[in-house]
Amino acid sequence: MNGSAACQCERPENTARRHFVTVASERERGRGRIRAAFRQGGVSSGRYSGMAVSWTGPGALLTLAPGEGRGSIMTVWAWVAGVRGAAFEGRSVKVVAPALAALALAGCNEQNTYVAPPPPTVTVAPAPEQSVVRYLELTGNTASINTVDLNARVQGFLTSINYKDGAMAKKGDLLFVIEQDQYKADVAQAQATLAAKQAAQVQAEAEFNRQNQLAKQDFASQATLDQARAKRDGAVADVQNAQASLDLAKINLGYTEVRAPFDGVVTAHLQDVGALVGYGSPTKLATIVEINPIYVWFSLSETQVLRIKDALAQQGKTLRSIEGQLADIPVEIGLQTEQGYPHVGHLDYVAPQVDANTGTLTVRGIFDNKDLSLLPGLFARVRLPLGASTDMVLVADAAIGTNQSGSYVLTVGSDGIVKQQTVQLGQMQAEGLRAITSGLAKGDQVVVNGLQRAVPGSKVTVEKGQMVNESAKPKPPIDPSKPAPKN
């Protein structure tokens, strides 16, 4: 309230002349106080004694009705919050007017002092420093190291399926059996034929020996000896032919059993028991996939190839000179739903030339997959190390903001004042941390929680926190100078 209003509040009769009166109730410092504020308005003439006052509740109109022939009507707007049980009906203005004046005096004497709110609370954490490796970030796809269709190579009815669809099979495990009766009979027949031919060979050999002895004594002609030799040689050939037939019969019998050619996962069977397979051409029964270890194929653009070439040149190496050292170059991958790059392998193959159509160089990595967590055909994020590691400051990626000037972080100094610092970003590291190449020093107190309450230039209350939880600290980066894990 201003000074003139305060002077008028000192006399009740002046208060009674105000055209509008606002009465409010509030709680402050645990005690109920009544505050009255008067607005400038017109002054009505006449005497108000004997006027009736009606009030119907909080926020209602107080109407002062003049007595008969005693002046005009005066309307007073009153908001009485929290006052219960009051009844002014029938009371005269002689009682009400002094009461309103007293309320006005109470409001005029109160001191309205602004109390500033306490500084907002934010959580800060010191920026750590860690050895960081520069990486080349790429994308690729996983692929099985071996994929083979299991075909029926002989004709017959499928008699049994000896595995569960999708099961892991060991090399040599029996998976399918095709009707064997005919092929067993073929083997027996070939064995009998071989035995007969072997007997004929023995006879022919004996006859040749006999004729040879007679020829030496001039009891047998040379023609007879030549015939004996020809029969012997023919018998030997017949035995060899019979042996080959027996071997072929055994091979065909072996084809009736379809076995796993290597350790792998077998797909669902494509033919049911009782189906005729191998009629006219091989029939596909299933597919077996070897996924431990597993490949990851990816491509390097021409620009990326040149970057790698320059990095190798600084070490006195070339792409071709490291062919025998690919197993020492680590490769890291991560799936779409995984944080960071939890799978570590090594390079396995680099194409000898850049594809002129795509302008890319095909590269392959190999990864251990004993838990079978990597499946062929998955999209993978890939990164290759470039050069040796360097020390860099790390900041939680969630604590980094962006504006038209670029990226920034909020820091708090020893005076508790928030400061906005522009930073240059490096690559993402493990556990949601990002490397900062410039703009931030080790140990700077970075705001990691309560960013919306931290206004640059304002004072804040600081709570100590951590850049990353103790249980989720980032693992040290792979040192490219150390050999990659062997699969």
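Quick reminder: no glycine exception, Cβ is built from N, Cα and C everywhere.
Of the candidate ranges 187-245, 246-304, 364-422, TrEMBL annotates residues 187-245 with the feature coiled coil. For the domain 'Multidrug resistance protein MdtA-like barrel-sandwich hybrid' (146-288), the DSSP-based tally of helix, strand and coil residues reads 70 helix, 34 strand, 39 coil. Sorting each residue of the domain 'Multidrug resistance protein MdtA-like beta-barrel' (293-386) by its DSSP state yields 19 helix, 38 strand, 37 coil.
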